[in-house]
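Reviewing the structure listed below.
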Amino acid sequence: MANAPIRLLIAASGTGGHLFPAIALAEKLPDYQIEWLGVPNRLETQLVPKEYPLNTIAVEGFQQGFGLSSIRIFGKLAGSIIEVRRILKQGNFQGVFTTGGYIAGPAVIAARSLGLPVVFHESNALPGKVTRFFGPWCSAVALGFEVAAKYLPRAKNVCVGTPVRGQFLDGAINSPLDLAIPDGVPLIVVFGGSQGAVAVNKLVRESAKAWFDAGAYVVHLTGDRDPEADSLKHPQYIALPFYNNMAALLQRATLAISRSGAGSLTELAVCGTPAILIPYPFAAEDHQSYNADVFTSSGAALTLKQSELTAQILQSNVLNLLQSPQELAKMGENAHAIAVPDSAEKLAQLVREVVET
C-alpha cells in the first residue's frame with residue numbers, strides 16, 4: 001500500500017510579499033497535500049490557487065502600548081491558537097510553513113504545542129518582530145538575505161533566498177510584451193509592490209516630462225488606491241493598476257523605480273534590472289531601508305529617501321542613469337548576482353528535510 005501524502009498547512013496572509021513565496025513553495029511540493037491558513041477579506045482570498053483549500057481565522061497585530069484593545073487582541077489570539085490547533089488535529093497535518101506576519105503567531109504556537117515541525121521563511125534583511133520572537137521556537141528559519149542571521153542568533157537559520165513567482169523562471173521572462181513600447185527605446189518601469197505607492201506615483205508624474213523629452217517611455221503600475229492614477233496623459237506613458245507579466249516587463253526595463261519590499265527586490269534581482277529604490281518610510285521598523293541597503297551596497301541600485309525626495313531630485317537621478325548605459329549595465333549585473341533563482345527548490349528541500357525526518 002502506498003504511503004499517504006504528507007499534509008502541510010501553509011500560513012501566509014496579507015500582502016504579495018507574504019503570499020508569492022508561499023505559493024512558489026507550494027508549486028514545488030506537488031506530492032504534498034497542502035491547505036492554506038489565512039485571514040478573511042485579505043489578499044489570499046484572491047491569490048491562493050483554488051487547489052489549496054483556504055482556512056481562515058480572525059487575528060490582529062499588536063500596537064504600541066497596553067490597554068483595553070491589547071486585552072481584546074490577546075483574547076482573539078488565544079481563540080486563534082485554539083482554532084489553528086483544531087484545524088491541525090482534524091486535518092492530520094504533519095507540519096506547518098509560514099512566511100510571518102500576524103498569522104504566524106497562532107500558527108507557530110499551535111503547531112509546536114502539538115509537537116509539529118515548523119519552517120518559517122523570513123524574506124527581509126531585518127527580520128520582523130514576529131520572526132525574532134518565534135524564530136527560536138521553529139524547526140528552521142529560512143532566510144531571504146544572509147545578513148538577517150545576525151538578528152536571529154538563537155534560531156536554526158538557513159539562507160535560501162526568497163522564491164519568486166513561476167513566471168520569472170519558466171521562459172515567460174523572455175516573452176514579448178503586449179504593450180505599445182517601441183523596440184530600442186529606454187523604458188522606465190515604476191511599481192510599488194502589491195499595495196502600490198501613492199506618494200511615489202505623484203513624484204513620478206511630476207518628473208516624467210523630462211524623461212519623455214529624453215526619449216524614454218514609462219510604464220507606471222499605480223496600484224488601485226491612487227485617485228489621480230489617470231491624471232497624466234502622454235503617448236509615451238502607460239498607467240495601469242497592475243500588470244500580470246511582470247517578468248517580461250522587468251526584463252525589458254532599462255531602469256525600475258520601486259519600493260524595496262523583499263518580493264519586489266527578489267524579482268528585480270532575478271531579472272537583472274537596475275533600480276532606483278524608494279523605501280516605504282512607514283514600513284515596520286523601517287525594514288525596507290535594510291533591504292535597500294543590501295542592493296545599494298552591492299552596486300545594484302540607488303536608494304533615495306522619501307523624506308528627502310523631490311520631483312527634481314528624482315527626475316535628475318533618472319536622467320543621469322539613462323545617460324550612463326555602462327553604469328546601468330553594471331547595476332544590472334550586480335542585481336543578477338544577488339539573485340537565488342533556485343530559491344523555491346532550496347526552500348522545498350528544507351521543508352522536506354524538516355517535515356519528513
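Placed from the backbone N, Cα and C atoms, the Cβ positions cover glycine too.
As written in Swiss-Prot, here are the features:
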- Thr15, Gly16, Gly17, Asn124, Arg165, Ser194, Gln288: UDP-N-acetyl-alpha-D-glucosamine binding site (BINDING)
Look at each of the binding-site residues, Thr15, Asn124, Gln288, and point out the one with the fewest other Cβ atoms around it within 10 Å. Thr15
The most crowded of the binding-site residues Gly16, Gly17, judged by neighbouring Cβ atoms within 10 Å of its own Cβ, is Gly17
Do any residues at least six apart in sequence from Arg165 (UDP-N-acetyl-alpha-D-glucosamine binding site), in the same chain, have a Cβ closer than 8 Å to its Cβ, and if so which, in order? Phe20, Ile23, Ala24, Met246, Ala247, Glu267
